[in-house]
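Enquirer: Residues or ranges marked as phosphate binding site by Swiss-Prot: Arg99, Gly137, Thr138, Arg139.
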Amino acid sequence: MSTSAADTLSRPSVRPAGRAVDALRPFSLERGFTRYAEGSVLVRAGNTHVLCTASVLEKVPPFLKGRGEGWVTAEYGMLPRATHTRGDREAARGKQSGRTQEIQRLIGRSLRAVFDLRLLGERTLHLDCDVLQADGGTRCASITGAWVAAADAVALLMQRGDLAHNPIRDAVAAVSVGLVDGRAVLDLDYQEDSACAADVNVVMTGSGAFVEVQGTGEGATFTRGELDTMLGLAEGGIAQLVRAQREALQ
């Protein structure tokens, strides 16, 4: 049964942390967290903490050589004890998991959506997103933090005179939404994510355009009305995240 946004927001909260259904977890962006990267940000979304660094490489992948444009790409990983039990480093296993590959491709796609790669010149902006502590929403936090790290790296390039124009056309941020106990909720933590009937990750630009929507039923189905309600919550949450990004850069 579909639920209107108004009905969803008017009922009392049933969330473990007592949050309203449209409330983000406490969110912060700490810039300049590491010394050497051209851009670095520690993003905290509740108990999810991700270190995002942006490195400038004066080269491009072979398929872009001689074309006069740059590239933005990403890698993603989790520290062995980012979760309740220790996991082996993927380097020790000798291969990345399918999940890791999917997430880092998502981060790269999301950042490229708001870059004019021609203005970047023949260089690569390489984003590394390392999860220090995971409590749900790590890919969304990575995208939101990586954009700020990228903005700092671009600002440094412009300050050095390496770029004449800013290649970043817009902000980009991401948030999760889902159906928990029959209700649409924003910014799921691990407890909610483990129990949800539907899980949707939404990536949007600062101007309100969708970059990507990843949605799945978790042993259940959801209606078009429920999807619309979840997307409405995501739009509101991402607007708040974009404001936080812009405030962090001031």
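Heads up, the Cβ atoms here are built off N, Cα and C, so glycines get one too.
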Enquirer: For the recorded phosphate site, enumerate neighbouring residues of the same chain (Cβ within 8 Å of the Cβ centroid of Arg99, Gly137, Thr138, Arg139, site residues themselves excluded), in sequence order.
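Expert: Along the chain, the qualifying residues are Tyr76, Ile103, Val131, Ala134, Gly136, Cys140, Ala141, Ser142, Asn201.
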Enquirer: The record names Arg99, Gly137, Thr138, Arg139 as the residues that bind phosphate; what is their largest Cα to Cα distance in Å?
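Expert: 13 Å is the greatest Cα spacing among the residues binding phosphate.
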Enquirer: Around Arg139 (phosphate binding site), which residues of its chain at least 6 apart sit with Cβ under 8 Å of its Cβ?
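Expert: The list for Arg139 (phosphate binding site) reads Tyr76, Ile103, Leu106, Ile107, Ala174, Asn201, given in order along the sequence.
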Enquirer: Tell me, by DSSP, whether Gly137 (phosphate binding site) is helix, strand or coil?
Expert: coil
Enquirer: Tell me, how many other CB atoms lie within 10 A of the CB of Gly137 (phosphate binding site), whichever protein chain they belong to?
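Expert: That number is 26.
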Enquirer: Thr138 (phosphate binding site) has how many other Cβ neighbours within 10 Å of its own Cβ?
Expert: 25
